[in-house]
Amino acid sequence: MASDQTLFHYCLLTLYIIALPTWISLYFLQAPYGKHNRPGWGPTISPPLAWFLMESPTLWLTFFLFPSGQHFYNPKSFLLISPFLFHYFNRTVLYPLRLARNTTQTRGFPVSVAFMAFGFNLLNGYLQARWVSHYKDDYENEELFWWRFLAGLLIFVVGMWVNVRADKVLVGLKKQGDGGYKIPRGGLFELVSCPNYFGEIMEWFGWAVMTWSWVGFGFFLYTCANLMPRARATRLWYLEKFKDDYPKDRKAVIPFIY
């Protein structure tokens, strides 16, 4: 048990340590997939397969770890982990299927980037699953648990709705297109360039509220460090590609702010 506690604490420390370098590096150099795809990053695989493989630890590792937790027989632990699993079922299974069905582009996803994402999801999947199933210590505080869970769940559900809806719009534009990109319009796309990222940031803020933990907050913090610089780069990409046709008053990711 002591060795697992040590591993858990070092993994949590790692999650916080890598957040700032991630923000700084992605501010200057974008991961080469999607709109920012470019050569020079080694062999590639199909994007749907990449998404499936690199996101999968969040599912199988959670199912592997949960039975060994002291809260395995507590229904609240299953309730709490459900939004996390629901998000990653969409990201690991449904999203790659939508990509495979609707995308005609042949540009690959760098194996090196998928490998790094796989490593992060191992780290984060371990932390979130182990916290909920074993280390969380306030399940017995009924009032606090339910207030935090319901408030966080509301934020999470709204964020996931925004995220999935925006992803569907973007995938739909790929299906309509001739291999190129189009300006997304409607909904939150009128306010920000990347409502899909805004929705995901909302989700993990809601998760931080639900778990009420340094583990949940660390994931939210890292999500911001990963997605906000990419949203900024995506907005600049749109402005450069579409010039005056792209609305200059759209923010990158947070409506009216950033």
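Glycine residues also receive a Cβ, built from the backbone N, Cα and C atoms like all the rest.
According to Swiss-Prot, the transmembrane segment annotation covers 8-28, 49-69, 77-97, 109-129, 144-164, 201-221, on the basis of sequence analysis.
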Which sequence-distant residues neighbour the transmembrane segment (77-97)? Criterion: at least 6 residues beyond either end, Cβ under 8 Å. 47-49, 51-52, 55-56, 58-59, 62, 66, 69, 71, 128-129, 132-133, 136, 139, 149, 153, 156-157, 160, 164, 167, 203, 206-207, 210-211
The recorded stretch from 8-28, 49-69, 144-164, 201-221 sharing the largest number of CB pairs under 8 A with the transmembrane segment (109-129) is 49-69
Does the structure show the transmembrane segment (201-221) and the transmembrane segment (8-28) touching, where I'm treating 3 or more Cβ pairs under 8 angstroms (sequence separation 6 or more) as a contact? yes
